[in-house]
Amino acid sequence: MEAEDYNASYEDYPDDVDPIVVLEELSPLEGRVVRILLVAVYSVICLLGILGNGLVIVMITCKMKRTVNTVWFLNLAVADFLFNVFLPVHIAYAALDYHWVFGTAMCKISNFLLIHNMFTSVFLLTVISFDRCVSVLLPVWSQNHRSVRLAYTACLVIWVLAFFLSSPSLVFRDTARLHGKISCFNNFSLSAAVSSPWPAHPQVDPVGSGRHKVVTITRFLCGFLVPGLITTACYLTIVYKLQRSRLAKTKKPFKIILTIIVTFFLCWCPYHAFYLLELRRGSVPPSVFSLGVPLATAIAIANSCMNPILYVFMGQDFKKFRVALFSRLVNALSEDTGHSSYPSHRSFTKMSSMNERETGML
C-alpha cells in the first residue's frame, strides 16, 4: 500500500460528499491495521447475523405458533438478515483497500439497506414498546383488539415508512474515481463526480450542503431521538403502573425486549454522534474522524447480529446452559401468557410461580 493512498483528508472534501476512505491522519501501517480489523469484525458480524437471524426466521415460520410477538421478532430478524446478506460487499470494499468494484447500483443498494435496517429496527422496537405499554395500561382492550392481523398491518406501514426515509441513499449515493480507486460516497450536490469529486480547492455547494444537513438531521430525529423518547416514555409508564399494581417484584419483567432496545440505542448512538459532528467538520479535528467513523459504523452494524444472541442467553436463566439452543429460542420468542392480566393479584401469584421461560418475553 503506497503512501499516496492516504493523501486525502476531510479538509479536501466538499460538504456534500461523505467518502469512506482511510484518512491521512492514519499512517500506512495504521490504515492497514484498521482495514484488517474492519474486515475481521464485519466477517464475524456477517456470519453471526446470517446464521442467527436465519435460524430465528426458520424457527418462527416453521416451528412456532403465529402470535403478535412472533410477528414483531420475525420482522426484526428479516430486516437484519437482509442487511447481513449484503454485508460481504462492504467486507470486500475494505479488503480491496476501499476500491469499489460492484458498480453504482450496488453502492446505492448496500447503503440503502444499512439505513433501512436502522429505521425498520427502531420503528419496530418503538411499536413493541407501545404495544407493551398498552397491554399494561389497557389489558382488557388489548386482549380484545391485539391481533396478529393488526401486527402485520403495523409492520407493513413500518417497512413502507422505512423505505421512504431511506430513499435518499438511492438518490445521493454515487461512485467516483479518486487516486486510481473507485469510491462509494454520498454525492449530495448530484454533481458529475466521475472524474474528480474532491478537487484540491473545492467550492462549497450550498444546495449539496443543505441536503447533507437535512438527511443527517432527519435520520437522527426519526431514527434515534424521537423513537428513543417514545420508548423511554412507554417504559417509564410501564414501571410506574407495575409499581402501583404491586407487581414490581415480577420476575425480570420485559427483560428481553428492554435489553434489545437498550442494545440498539447503544449501538447506533456513536454513529449518529459522528455524523452530526461531521456537519461541523471545520470545528472538529480531522483526527477525530479517522478512527471514530469506522469504529462507530462497525458498532452500528454489529447490532444486526445481536438480537439472536440476546434471545438465546436471556430466554432462560443463563446458568441453565444445558438447555437446548432451539428450546431457548422458542422460549424467548414465545408470546407472554400473562400480558393482559397485570392489574390482577391472582395473575401476579400465577406469574410469580411461572417458569422463567413463560415470563421471559414480557
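Sequential numbering from 1, following the chain as shown.
Note: Cβ is positioned from N, Cα and C throughout, glycine not excepted.
Swiss-Prot lists a disulfide bond between Cys184 and one candidate from Cys107, Cys133, Cys222, Cys234; that candidate is Cys107. Topology check against Swiss-Prot: Arg35 and Glu278 carry an identical topological domain name and occupy the same side of the membrane.
When the topological domain 'Cytoplasmic' (130-151) is classified with DSSP, helix, strand and coil residues number 19 helix, 0 strand, 3 coil. Reduced to three states, the DSSP call for Cys107 (disulfide bond) is helix. In this structure, of the disulfide-bonded residues Cys107, Cys184, the smallest number of CB atoms within 10 A of the CB marks Cys107.
Per-class residue totals from DSSP over the topological domain 'Extracellular' (277-281), listed helix then strand then coil: 3 helix, 0 strand, 2 coil. Taking all protein chains in view, 21 other C-beta atoms sit within 10 angstroms of the C-beta of Asn187 (N-linked glycosylation site).
In terms of DSSP helix, strand and coil, the topological domain 'Cytoplasmic' (59-70) has 8 helix, 0 strand, 4 coil. According to its DSSP assignment, Cys184 (disulfide bond) is in a strand.
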